[in-house]
Amino acid sequence: MASNLLIKLRSLSTATNGHHTLARRYLSCGEAPLILIRSAGARLYSDVPSLPQPSTPLPRLSQSGANSSTSSSVDQSELAKFASIAETWWDSEGPFKPLHAINPTRLAFIRSTLCRHFRRDSNSARPFEGLKFADIGCGGGILSEPLARMGASVTGVDAGDKNIKIARLHGGLDPVTSTINYCCTTAEKMVEEQKSFDAVISLEVIEHVANPAEFTKSLAALTVPDGAMVMSTINRTMRAYATTIVAAEYLLHWLPIGTHQWSSFVTPEELTLLLQRSSVSVKEMAGFVFNPLTGKWSLSDDISVNYILYGTKTASQ
């Protein structure tokens, strides 16, 4: 059954023109791309009625318009969506299971790039000692906690009050993670308060905000000159639609239906341009691929679905 589903998903895929080339500018590991699928529990399209159709993409690059004058890029409908499942953040078999599974690979990229950026020993248990990190869109703290264990002084930021309450409760169970400063606020408000950090990290967030341009501008403003930024999101390709929405939400039920909107996905080219406009230069980019045989994620030069990037803030800004 899984093999039949794999064939059907591949039929939805389109050629990923230019995506491998773009990634190879930053990363080359020679790892073969694998489609997001698992070997058991798969359901055929005939088992699932009313599969969603991709909608027309929204404009992603405009820095003007109705949202640009607001003090926050928070999308209230997205906030409500995640508030409804906030209690499950630390359930590794719950709605956030995909994030728990991919987290070690995300952390490996962060550790590698930021150790090089800050000239730290990547073999050290606490390589980020003395550095201030912001985890924007921290949710329940599944990224903030390991960053704190690596020595960083972490500020976890989320607009969802329930998320922050869960993060504080869980973080308080360990003396190391109890030092994390969790704030129920937005990146834009942090900018107004003139906060700044050596590194600003925002993973799987930009596809859920109302104004990507304003959001990236705020992230850049929070980053000190010569500081670092790490972001991850989902590419707006038909392959991403097939895997992250049709497969992950409707067929495999890895995520609640409606978690993602294909029109809100951001391409690497768009995100790179948004960052450039905010004086952040992208230095490294990699994709994530899932191996159904091992159940593990790994880094790849295939950025046609999930991707992560590291950039640096221009010193003169």
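Each position is counted from 1, following the chain as shown.
Including glycine, each Cβ sits where the backbone N, Cα and C put it.
Feature annotation from TrEMBL assigns S-adenosyl-L-methionine binding site to Arg106, Gly137, Asp158, Leu203. According to TrEMBL, the Mg(2+) binding site annotation covers Glu204, Glu207, His208. For 62-73, the entry in TrEMBL reads compositional bias 'Low complexity'. Annotation comment: TrEMBL describes 54-73 as region 'Disordered'.
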Residues satisfying Cβ distance under 8 Å from Gly137 (S-adenosyl-L-methionine binding site), sequence separation of at least 6: Val157, Asp158, Ser202, Leu203, Glu204, Val205, His208
CB contacts for Glu204 (Mg(2+) binding site) [other CB atoms within 10 A, all chains]: 20
Largest inter-residue Cα distance among Arg106, Gly137, Asp158, Leu203 [record-listed S-adenosyl-L-methionine binders, Å]: 19
Rounded to the nearest Å - Cα separation of Arg106 (S-adenosyl-L-methionine binding site) and Glu207 (Mg(2+) binding site): 17
Under 8 Å by Cβ from Glu207 (Mg(2+) binding site), same chain, sequence gap 6 or more: Thr233, Ile234, His260, Gln261, Ser264, Phe265, Val266
